[in-house]
Amino acid sequence: MSTEATSSDASVFSNMHSVDSTRDNTRDNTRDNTPMNEGDTQGKRMTKSTMALIEESMKYDMRSEYFLPMTFLRERRKPARVESDEEDKLAEVKSKRRVSKKDQVKADIHSTKIKKTGRPSNVKAGAKNTSKVTKQRSTKSQVSGKKRARSISDGKVSSIDASRSLKASKKKHSSHADSLFLSNIEENVNPRPSFFNTTLIANPSSFTNKLTSSKMFVDDEEVTSLKGMKYILFPGVEEEYLICSKVQKFGYNPLPEIGQSIESAVLLYFPNTYKTKGQELVRSLNDAFERSDDQSFEKIVLKYNDLISTIPRDLIVKNLSSNPDVPVSFVHFLLHTCYTRAIYPHARKLKKYTSFSNFVYGELMPDFLTIVFKKCGLNSNSIFMDLGSGVGNCVIQASLEFGCKLSFGCEIMDSASDMAELQLKELKSRCDLWGINLPPIDFSLRKSFVDNERVRELIPQCDVILINNFIFDAPLNKEVEKVVQGLKAGSKIISLKSIRPPGYSINYDDMDNIFNRLHVESFKLPENSVSWTYRSVGDYYISTVLDAIDESIFCPPILGRIRKKESIKYTR
C-alpha cells in the first residue's frame, strides 16, 4: 500500500465533503423559499449521515504517525483531539466546584508556585507538535510526554503535593533519561538464564547467516548511496541503509530502526566503562533525528561504528554473562524488524480472502499479547499453541519473549504460510546476530487444525492455547470444541469470543465435555490490540480448564432462562 494512494483518497473525500457542505448550506438558506424536487435528492446527493461515516473513516490514516510502514496489519492512528479554550475553562470550573472551602483555605496557606518550563527534559523525542518528525514517531510517546509536561507545569499546588510531584518527576526523568528511541524500558522480559547464547558470542566469526537487506525499500538509483551500520557482537557484519529522513518504499523510514538498534546495543551490550560514550552518541543521534539532519545522523552512525570496534570482546561477554535485564521494547523492536523484512513486501497477498469467512486475516498486536500472555502465566516451562497462526507473530513472540519450551502454530492459508516461513528464517538470523537463544518453534503450515495429527499430539501437553475465533462460523466453532476436548487441567484458552457459548447448560448425557469444566473470565480489550481497528472491539476471554465441573453453569442468569428482576418504582 503506497502513501500516495492514501493521501489521494483523503483529498478526494475532503473535496467531496467541501462540495457537499456547500450544497447543504445553499439548501439551508433557500429551504423556506424554494420547494424541493422529489427526484432531485435521492440517488444524486449523499446524505449527511453517509458523509459523516465517510469522514469518520478517513480520520484513521494507517501510517501517518508511525516510523515503520503501517498498513492494515499494524497499529492505526487515533484521531487527534483538539481541546478548545472553552473546554479547558469548563474543566477548571468543575474542578473548583469539587473542592470545599476548608480545603481551599488549607491549600492557600501551604501553597507554593512552580515555574513553568518550556519543555521538560524528561519528555521523549517526538513530543513536539510542530516538528516534522512528529508524524513518524509513536503516539504513545507523545501522550506520555504531554502527561509529564502537564504534571510539571501546573499552577498552584500544596507544598506536600509539590514535593511529591517533584520527586516523582525526578524518578521519571532518571528512568527515561536513557530511553530515546526505545519506549518503556522499565518493563523487562521474564528473567531466564539462557536468554543470551554466550558460546556464540565468544566467537567473533561464528555468524554465517544471511540478513534480508533494506535495499528492497530503496530505488535502484539510490543503491549507491547506502551506508553501513556495524553490529556490536560481529563488527565485520554491516547492514546497509539509505540514511534519509524521507519515507521510502512501503512507508519505511530507516532512521528510527537505526536509533533503536544503537540504543539497544548501548543499553544491553556496552560494558559500564563505555556506557557514557554510548549514551552521548544516542542523544546526539536523537537530536539529529528530530532536526531531520541526515548528514549529522550519518556522521554519528560512523562514530558508533568506530566506537564498537574499540570495545574488548571479553568485556561484552562478561557483561552478558551477568544476565542483564532485557526490556520488552527490545524484543518488540526485534520482532518488528523481522516483520518489516518478511511481511511488508508481500502484505497485499494477505488481503486475498472471502469477506466474513473463516479465512479472514487479522493480527493481534505485540503489546496486547504481552499483557495476555502474562495473565496466563506463560513461561519457559510452557507449551504454547496458536490455532490459525497466520504469519506466525504470536508464535515467535511467545518463544522469544517468554522462552516457551515449545511454540507451535497451525495455518491453512498458503500466502500466510509462506510469510511465516520467511519471518521465522529472518528471526533466527537476527537472533544469532544479537547473540540470543531462540527456543524451539514448530509450524504445521498449509494444513487445517481440524483432524491434524500434530495438533492432536500436542493438545494434551499444551499449557496455553490461542484461538482467534473473532469471525469463526458455527461449524468451525464446533470443530474447535472437538479439538480442545483433550486439554489438561490448568491449561488456558485465549480467545476473542467465548469458547463456551453464552447460555450454555450442562448436558447430563455428556458429562465429560470440557465445556462443563471451563472457568471463563472476560476482560476489556484495550485499544490498539488488533490490526483491523485501533478501537476496543469488546472483550477477550481467558478460559481455564478445571478438575471439576464449573459451578457457574448452574447459575440461572448464565442459563438465560430467568430475566433480571428489577424493582418497580412508583411515581406520581
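These residue numbers are counts, starting from 1, taken along the chain as shown.
Heads up, the Cβ atoms here are built off N, Cα and C, so glycines get one too.
Source: prediction; values computed, not measured.
Record features, source Swiss-Prot:
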COMPBIAS  1-19  compositional bias 'Polar residues'
REGION    1-48  region 'Disordered'
COMPBIAS  20-31  compositional bias 'Basic and acidic residues'
REGION    75-173  region 'Disordered'
COMPBIAS  101-111  compositional bias 'Basic and acidic residues'
DOMAIN    245-558  domain 'DOT1'
BINDING   361-364, 384-393, E411, 448-449  S-adenosyl-L-methionine binding site
Mean of pLDDT values spanning the domain 'DOT1' (245-558): 90
Protein Cβ atoms within 10 Å of G392 (S-adenosyl-L-methionine binding site), excluding its own: 29
Binding-site residues: S389, S448 - member with fewest neighbouring CB atoms within 10 Å: S448
Neighbouring C-beta atoms (10 Å sphere around the C-beta of L364 (S-adenosyl-L-methionine binding site)): 23
Three-state secondary structure, D386 (S-adenosyl-L-methionine binding site) (per DSSP): strand
Long-range Cβ environment of D386 (S-adenosyl-L-methionine binding site), under 8 Å and at least 6 residues apart: C394, V395, A398, S407, F408, G409, C410, I465, L466
